[in-house]
Amino acid sequence: MPSYPVSTVNTPDGQVNVLQITDLHLSSHVPASDDETSSEVAVCQYSFEAIIKQALSKEIRCDLIVVTGDLVNKVEPAIYDHIFTVLQDTGIPFACIAGNHDVTDETGEDLPFYQRTLITRAADPRLLSRHLIESEHWQLLLLDSSITGKVEGEITATDIDWVREQLASCTKPALIALHHHVLPVDSEWIDSHMAKNAEEFWQHILPFENLRVIINGHTHQEQTRHHQGVTVYSTPSTCYQFKPFEDNFAYDKKVRPGYRWLQLANNGKVASWVERLDT
């Protein structure tokens, strides 16, 4: 079994194949096979486990799994225990960071969002912050963009200083992973809950030419954007999806749960694509 958290990834050919999953939103630690209900709770549980099984059945070698936040829909240690057991059982190195739901519970989930009460929760200690993973040719920088008791995110001054130090001290191509998006996705409602100091973040990191890629969750949709030489990937949820380019909250019921592959090549180039759950 790989130790947690992973700090180095070594592969036979130097290339690192990363499986990104995000926004699991689990509300139960009961395995999907033991839950005979058709509730949203059971659906999220099933799709998480089914996506892991489907992704790892592909011909592509998986070298690292990165989980970019919102592992749970309510903060309970037993749910994290279950998630970490599923990931450990793959035998593949993995790393998890927090999203807003990992540090915030909601009351009145049946109410419109603005009528709900947000409750501050402490992050599970297994969720990583300012964590470096290195391979022969790449460096992956994992950030915790969550704010306890809030939906929106923030990259703190300490986080920014740490990223700048890593990018300055190591010339390897770099990937940053965090939960909240740092470029708008043209949906007013979710863009009001992005990383609130994204512009400041960009000002500090753009001078570093070795920064190639940023990956995030939070948006529950697939998007690819480019900003001054940096490619930014938003990745679908392993559960339910949000309708893209909608200013008001809306589910996208036409697309299935998904996950993202990233191939980090030895020459600093990146290939990435999204796959959807088959059944």
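Just so it is clear, glycine is given a Cβ too, placed from its N, Cα and C backbone atoms.
Since this is a predicted model, take the numbers as computed values, not measurements.
As given in Swiss-Prot:
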BINDING   Asp23, His25, Asp70, His220  Fe cation 1 binding site
BINDING   His25, Asp70, Asn100, His101, His220  AMP binding site
BINDING   Asp70, Asn100, His179, His218  Fe cation 2 binding site
Entry from the binding-site residues list Asp23, Asp70 having the most other CB atoms no farther than 10 A: Asp23
Integer Å distance between the CA atoms belonging to His179 (Fe cation 2 binding site) and Asp70 (Fe cation 1 binding site): 8
Pairwise CA distance, His218 (Fe cation 2 binding site) versus Asp23 (Fe cation 1 binding site), rounded so that it is a whole Å: 7
Cα distance (Å, whole number) from His179 (Fe cation 2 binding site) to Asn100 (AMP binding site): 8
Rounded distance in angstrom between the Cα atoms of His179 (Fe cation 2 binding site) and His220 (Fe cation 1 binding site): 11
Tertiary neighbours of His25 (Fe cation 1 binding site) (same chain, Cβ under 8 Å, six or more apart): Cys44, Asp70, Val72, Asn73, His101, Ser237, Cys239, Tyr240
Neighbourhood of His220 (Fe cation 1 binding site) by C-beta distance under 8 A, where only residues 6 or more apart in the same chain count: Asp23, Pro236, Ser237, Tyr240, Gln241, Phe242, Asp252
